[in-house]
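Taken straight from Swiss-Prot:
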- HIS131, ARG132, LYS147, LYS154, ARG155, GLU156: substrate binding site (BINDING)
- 1-23: compositional bias 'Polar residues' (COMPBIAS)
- 177-188: compositional bias 'Basic and acidic residues' (COMPBIAS)
- 197-206: compositional bias 'Gly residues' (COMPBIAS)
- 1-27: region 'Disordered' (REGION)
- 177-206: region 'Disordered' (REGION)
Amino acid sequence: MATQQPTQTDNSAQAQPPQTNPAKPTEISEPGIYVALTHDHLNYQSVIDRVRSPEAGAIVVFAGTTRNNFNSLPVQHLSYTSYAPLALRTMLTICRSILTKHGLKGIAMVHRLGVVPIGEESILIAVSSPHRQAAWRAGEEALEECKAKVEVWKREEFGGEGGGVWRANRDGAVGVKVDEPRIGKGEVDEKEDEGDSGNGGNDRKS
């Protein structure tokens with residue numbers, strides 16, 4: 001009987017976060033819940049309308065925006081990527097749990113992908129509830145759960161010689177610096193195939 005050879009793991013191929021297709025925005029909706037990933041600008045009104053209910057006495061909206069610095073370093077912009085099928089399932093699971101736990105009438109969670117300039121929104125979360133206290137608590141919990149669990153990565157692009165750093169969404173961990181050698185296009189393509197960029201630890205989205 002032939003002995004099966006162990007498969008060699010290519011660690012370099014795991015270095016980059018998985019990519020999403022900009023041409024295919026993705027979303028999932030069910031009664032009281034809406035989750036989406038998109039490369040478009042985020043629209044407050046459309047997210048609020050997703051959670052409107054005649055039984056709700058309060059709607060709370062959280063907007064995460066790109067700030068112009070991180071640890072005193074100037075940030076030019078953020079760039080987000082995601083493994084969309086898994087991220088959407090995680091977002092849906094979070095929203096289902098929070099909807100039930102807090103007795104909400106609606107919850108919507110939309111995350112932007114691609115480049116997000118300074119001052120623009122990278123995430124919108126809206127919740128509606130009969131009472132404001134539950135809405136406040138649910139909105140905060142939804143944000144923290146999203147940051148801790150959803151499969152979205154960001155790259156911070158620093159000014160000057162700072163370069164770029166990949167980070168995931170969890171607070172407190174260190175990202176991985178992206179080194180981009182000044183070489184020809186053909187060599188760049190080859191390096192990308194080898195996984196030249198790193199997938200960071202975990203840190204803030206916004």
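Glycine is treated like the rest: Cβ placed from N, Cα and C.
Local packing around the Cβ, expressed as the count of other Cβ atoms within 10 angstroms, is greatest for LYS154 among the binding-site residues LYS147, LYS154. Note on ARG155 (substrate binding site): other Cβ atoms within 10 Å of its Cβ, all shown chains, come to 20. DSSP assigns ARG155 (substrate binding site) to a strand. The Cβ of HIS131 (substrate binding site) has 12 other Cβ atoms within 10 Å, all protein chains considered. Secondary structure from DSSP puts HIS131 (substrate binding site) in coil. Note on ARG132 (substrate binding site): other Cβ atoms within 10 Å of its Cβ, all shown chains, come to 12. Taking all protein chains in view, 25 other C-beta atoms sit within 10 angstroms of the C-beta of GLU156 (substrate binding site).
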